Amino acid sequence: MENRLPGHTDHAWHQLTPQQALEAQQSTSSGLGEHEAGERLQRHGHNRLPPPKRRGPLLRLLYQFHNVLLYMMLGAALITALLGHWVDTSVILAAVLINVIIGFIQEGKAENALDAIRNMLSPHAMVLRDGERHEIDAERLVPGDVVLLVSGDKVPADLRLLSVKNLLVEEAALTGESVPVEKSVAHCQADAALGDRRCMAYSGTLVSSGQATGLVVATGADTELGRIGAMLQQVQALSTPLLRQIEQFSRWLAVIILILALATFILGILWHGQNPGEMFMMVVALTASAIPEGLPAIMTVILALGVQRMAGHNAIVRRLPAVETLGSVTVICSDKTGTLTRNEMTVQRVVSASRILDISGVGYAPEGAFHQDGKLLEPDNALLEIARAAQLCNDGRLQQDAAGHWLLHGDPTEGALLTLALKSGLDIATLQAQLPRSDTIPFESEHRFMATLHHDHAGHGLILLKGAPERVLEMCASQRDADGGDASLDADYWRRQATDLAARGLRLLALASKPAAAEQRTLRFDDVESGLTLLALVGIIDPPREEAIAAVAECQRAGIRVKMITGDHAETARAIGAQLGIGVGLPAMTGAELELLDDRRLREVLPNIEVFARASPEHKLRLVQSMQDSGQVVAMTGDGVNDAPALKRADVGVAMGLKGTEAAKEAAEVVLADDNFATIAGAVREGRAIYDNLKKFILFALPTNGGQSLIVIFAILFQVVLPLTPAQVLWINMVTSSTLGLALAFEPTERGLMNRAPRAPNEPLLSGFFIWRVVMVSVLIAGAGIGLFLWELELGKSLESARTTAVNAVVMCEMFYLLNSRSIFGSVLSREALLGNRAVLVTIAICLVLQLLFTYAPPLQGVFGSVGLSLDEWLRVLLAGLALFSVAELEKWVVRRFGLHAQAT
Ligand code: ATP
């Protein structure tokens, strides 16, 4: 094995000590150099699993034939051919082909939409290169890289752990075991099973708590996950409950129609003694007219376009049924920091035991000064001690780029503290060298503080801590005095000061310190629970996002309650909430208060509370459950690993794409690429619009089939010649349902969409009203077709011209009905409503041309048996269309006038 290139995966990595593993990878604990990493990337390729094998275009095209409806049509083609009806055979075959092409295009659209989503979800990794932390695309990891893991991360490659701190990893993706496994660095036996290799962290598993560093030993297809050939299921197939419902509906419809057709066929021959050949053609016409072939395919296109549009607006839908659920959301529970606020933090105030300092300047640039009572103050020792704590108990890093902009790597709260330290004139590098860090208790939303242990070169130990003031006050016994000495803690003073800062909408942090023994090298919770000295309170401003203010108002108009659930101080939360229009005039509730309520009481008070403060992830879960129990449909945001249960439980879990952990994203239905509340509101709007368009399309498409079936059934019942031949029926189906209907996929969001109340989640699609509308329009279309057909015959015209008139009448009705269909209840009698969707106008124009070709082009006349029409006949056709349009608008008017649409939906 000596001559192996670094990064080769045949080592039993779990058997090696960390040092041996580093040597085998020719790496060090401070990571690879950029150059070396680049070379290894060339050699090993990107760290990604090979994409699932796709069928080639030809195979994909052929696969489209694999469909019961098409088998039926192919069967019909065979029989018509045997009967010698060549024309019908070729039309049926053409119809099959068009269906296959639509299916092919639909699949392409769906795949594009899913690919776009997949690409937006690619994870990142924190890696050490040349000893410095960098956040890179996980795809660029190479063997030999040293990766940092924190709770909520998805392990980006197979790692030999180098150091761990309380690391628990959930390995369900690999071993199926859902209980998190505790990891260590000690090497294991050569024959240890995958699940027992405690010193390894495998790609695709989730860090449920703790921290670690690990050496990348395998990437991409070489990882254990790659070896077992598992594809991480990031996004499902493009389908939703509604789509499945419709697919099932059309399958049932097909079966029923077949049985009916068969019965008609047998009865017709046995009872009426009809010619089997003629009867067969009638039955084919009936089948072809009644089955909505294009329905599921075009609905998928509508969904795919919608999902793509949402991704374009930064809302990535991971589980597609969420698209429908979004439209019925009644409550949105949102985080505050970064979602409703800008997450650009600046320290504005520092309060110590003896004075209040105001700090000027905005953003991370260290430009600003300290003022006491309006007078400039030069940083003194007391201030420097505070600044030192702010700077050392901190994981953020500020960097000035070439253009002079200050960039932050890390948590904005910590960035604000770094800027404060720089404004006081501290030199960060010197300080870090003087007081290197020995250990850390990282910040978690549960305990709301962070602590670090430092030692100077003389061996003196120092513990520094920062966190939420209530929490820190509990740990402190004394406070730093003006002269640098310690005095006993005046808890009341600090609480008053905290309330005052919070009421200004400032975010609060308390800073404290404590000496430590020279030999103490690790930091435990016990070490910081008591005996600290409070140094200062810090007030940080984080202004609300402008667009969030507008989005909150939009949601409220749409009948959606917006609730803010934050880890911040109650007063801060209320003040920021008021600026956003959330919880104005209502009390705020803290997590502690929430715990005192039983479930029943909680349900009672919930409607009157919009701001929840000092809330932890468990509180979020309880809130979701409680709201769902009172019949609400809840969207809940989250970012931390512990938010996962609440995200899963919520009807629509929304994870933050930027600051969210991978664990949260995995649990969520929707991921926000920009962490912005306004994006959630946009997604709800889009969800409503997609659902609307699906409904509009179904309402448009079904009467086409209904109308034609009625025409054929009429002919069979009354034993008149068929007004439409099978070939003509197929022509209409292809031209109208498929061409015209597609226009509705491009239907823009209806105005007033966000002024409606949310849709009831259990509302059946085919409600009584829907059925009424489909039947009404079907009857109108059939009436137009049959009426004009009989009228023509009455006038002594040829059968061909009567049929041509009937076909044109049906298509003309469809064209007008497409205009009606742009709004289910709203009137379309306005310029905007008639001309607002270009796709509608274009498809109508295409349809017109096709109808003219159908009527006048000799080849088509040959195929379809059509003949040219006179001006009179065209006029009657036009009138039939106009009549349908008017009746449909009249019906909508009646429905609106009597407020029936409230019951209808
Ligand atoms: P939201 O839940 O809306 O995002 P949040 O960011 O205020 O709100 P947390 O991150 O849980 O919620 O923070 C809660 C409190 O913990 C803050 O008000 C602050 O006092 C304290 N805190 C936040 N970040 C840190 C940190 N990095 N170190 C120490 N304390 C922190």
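Note: Cβ is positioned from N, Cα and C throughout, glycine not excepted.
Per TrEMBL, the features are:
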- 33-42: compositional bias 'Basic and acidic residues' (COMPBIAS)
- 43-52: compositional bias 'Basic residues' (COMPBIAS)
- 12-85: domain 'Cation-transporting P-type ATPase N-terminal' (DOMAIN)
- 23-52: region 'Disordered' (REGION)
- 61-83: transmembrane segment (TRANSMEM)
- 89-105: transmembrane segment (TRANSMEM)
- 252-273: transmembrane segment (TRANSMEM)
- 279-305: transmembrane segment (TRANSMEM)
- 697-722: transmembrane segment (TRANSMEM)
- 728-746: transmembrane segment (TRANSMEM)
- 766-790: transmembrane segment (TRANSMEM)
- 802-819: transmembrane segment (TRANSMEM)
- 839-857: transmembrane segment (TRANSMEM)
- 877-895: transmembrane segment (TRANSMEM)
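Nonlocal intrachain contacts for the transmembrane segment (839-857), taken as residues 6+ away from its ends with a CB within less than 8 angstroms of a stretch CB, comprise 731, 735-736, 739-740, 742-747, 804, 807-808, 811-812, 814-815, 818-819, 822, 864, 866-869.
Put simply, of 279-305, 728-746, 877-895, the stretch with the most CB pairs closer than 8 A to the transmembrane segment (697-722) is 279-305. Model confidence over the domain 'Cation-transporting P-type ATPase N-terminal' (12-85) stands at 84, taken as the mean pLDDT rounded to a whole number. Taking residue pairs at least 6 apart in sequence, the transmembrane segment (61-83) and the transmembrane segment (279-305) share three or more C-beta contacts under 8 angstroms.
Beyond the transmembrane segment (252-273), the same-chain residues lying 6 or more positions past its ends with a Cβ under 8 Å from any Cβ of the stretch are 68-69, 72, 279-280, 282-283, 286-287, 290-292, 716, 719. Under 8 Å from some Cβ of the transmembrane segment (766-790) lie the Cβ atoms of residues 249, 698-699, 702-711, 714, 720, 723-724, 802-803, 805-807, 809-810, 812-814, 817, 876-877, 880-881, 883-884, 887-888, 891, 900-901, 903-905, all in the same chain and six or more residues away from its ends.
Counting same-chain residues at least six beyond the ends of the transmembrane segment (802-819), those with a Cβ under 8 angstroms from any Cβ of the stretch are 700, 703-704, 707-708, 711, 723-725, 728, 731-732, 735-736, 740-741, 743-744, 777, 780-781, 784-786, 788-790, 792-793, 828, 834, 840, 843-844, 847-848, 851, 854-855, 864-867, 869, 873-874, 876-878, 880-882, 884-885, 888.
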